[in-house]
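Enquirer: To start, I am sharing the structure in question, which I have written as structure tokens.
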Amino acid sequence: MGITARKVLGTPYANGAKLMFLGAGELGKETMIEAQRMGIEIVAVDRYANSPGMQVAHRSYVTNMKSERALLAIVEKEKPDAIIPEIEAINTDTLFKLEKEGFFVAPCANAVWTAMHRERLREAIASTGARTSKYEYATDLESFKAACKKIGFPCVSKPIMSSSGKGSYVLKSSKDVEKAFKEAAKARGSSDKIIVEEFIDFDVEITALSVRYLNGKGKPESKFVRPLGHYQIEGDYHASWHPWTDATDKKIDKLEKEIYDYAGRIMDKLGGYGLFAHEMFVDTKNGKVYANETACRPHDTGLVTIASMPFGYSEFALHAKAVLGIPIACEGKVIQPRSTAASHVILSHTEGWYPQFKVDGAYAPDTNVLIFGKPEAYEERRLGVVLATAGTVEDAKKKAQKAAHTVKVSANDKWAGQEITEKHYR
């Protein structure tokens, strides 16, 4: 099949296009909703029942997505127009096999295979000429010590394969080496390598969203969303804002030009059609941008685009349109946000099934609460997000944080608040 320009939309269960999502979490759920607005039939596949995406899909399957046999059986039964991986825990060999059989894997099997593995991804990014931090690889404690010494302290260690920043560690001195190695070893899954990176003293970490799609003439075309800012706590997204800065001077214009250049190069290197989310570090003082990682699908930091972007232009809508072969209408190369907005996570600090939420204090003017619908709560699991709009980035960030910190979560008859305050406004 492959991707084709789509000029006719149909009806689910009849003559509409069909998308299959491998992984049906909160990000997949939002993409599904956008696709359903265009009359698309949705099939959700995940490792557990009643995942967020399954709650809105037309049909769903629970299976081990690392099993080739299981994936092939579901795909052959459903025969989707496109297969959209949402998580890393997938048998990528099967994706290549399906692609050879004519199925469209979004953005393409090679992009998924590359982006899920930090060594492959870092080498791919470096090959484009994009600026990166210095880096070394290690396989055991001795080579890890040597890599840290060569890079110098402070430095950052990460497993070659992990999701949502698991196993990442900032080493401030040689005293942190053994602890960092143990953290990486716990999270590195099937890989035996760890990457050690130079610590970049950046002002802001940004997500640059880029999208490749078929234009009205059926030719490949690319667009870029103005970057959004975000911060992480222990490797996990905690808050994001869009645009990344209120400033619009020549220095910012120059930095953004470099951001779009890097995003375009990396997207071209990975290939395929869909949305790409590029994590980068920006050193505004020295006018430098460092490419860090890329996800070839919507990113958790991009949840803010639900509030910031024009209707039909959130990261989820852009991904759905690109995968379906629908042109993205925009004057120029850069899609600008409609509103200044921010997001802030709602975390669980309790454990149990079927969480409940006290949200009465979170509904301030120009704010909204998104509950993902995950059936199980455990410590620091992301269960929802607050979105807020305001006149400035600073005000939007404060508003989202304030609202999120009024939310309480219960899964065992005990209510717990939002306890993490690191990097927060006081």
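Backbone N, Cα and C define each Cβ position, glycine as well.
What Swiss-Prot records for Glu26, Leu27, Glu86, Asp300, Lys374, Arg381, Arg382 is N(1)-(5-phospho-beta-D-ribosyl)glycinamide binding site, and it gives sequence analysis as the kind of evidence. Per Swiss-Prot, the feature ATP binding site maps to Arg118, Lys158, Glu197, Glu198, Phe199, Ile200, Glu205; the stated evidence is sequence analysis. Per Swiss-Prot, the feature Mg(2+) binding site maps to Glu279, Glu293; the stated evidence is sequence analysis. Look at Swiss-Prot and you will find 123-324 tagged as domain 'ATP-grasp', backed by sequence analysis.
Could you place these features in context, so I can see how deep they sit and what lies close by?
Expert: Note: Arg382 (N(1)-(5-phospho-beta-D-ribosyl)glycinamide binding site) has non-local neighbours Glu26, Asp236, Tyr237, Asp300, Val345, Ile346, Leu347, Ser348, Phe372, i.e. same-chain residues 6+ apart with C-beta under 8 A of its own C-beta. A strand conformation is recorded for Arg382 (N(1)-(5-phospho-beta-D-ribosyl)glycinamide binding site) in the three-state DSSP classification.
Mapped onto three states, the DSSP output places Lys158 (ATP binding site) in strand.
Neighbour density for Glu293 (Mg(2+) binding site): within 10 A of its CB lie 18 other CB atoms from the protein chains shown.
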Enquirer: Give me the CA-CA distance between Ile200 (ATP binding site) and Leu27 (N(1)-(5-phospho-beta-D-ribosyl)glycinamide binding site), in Å, as a whole number.
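Expert: Between the alpha carbons of Ile200 (ATP binding site) and Leu27 (N(1)-(5-phospho-beta-D-ribosyl)glycinamide binding site) there are 29 Å.
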Enquirer: For Glu198 (ATP binding site), which of the three DSSP-derived states applies: helix, strand, or coil?
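Expert: DSSP call for Glu198 (ATP binding site): strand.
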Enquirer: CB neighbours of Glu197 (ATP binding site) within 10 A?
Expert: 21
Enquirer: What is the Cβ neighbour count of Lys374 (N(1)-(5-phospho-beta-D-ribosyl)glycinamide binding site) at a 10 Å cut-off, with all protein chains included?
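Expert: Taking all protein chains shown, Lys374 (N(1)-(5-phospho-beta-D-ribosyl)glycinamide binding site) has 21 Cβ neighbours within 10 Å.
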Enquirer: Does DSSP put Glu86 (N(1)-(5-phospho-beta-D-ribosyl)glycinamide binding site) in a helix, in a strand, or in coil?
Expert: coil
Enquirer: Leu27, Ile200: which of these binding-site residues has the highest Cβ count within 10 Å of its own Cβ?
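Expert: When each Cβ's neighbours within 10 Å are tallied, Leu27 leads.
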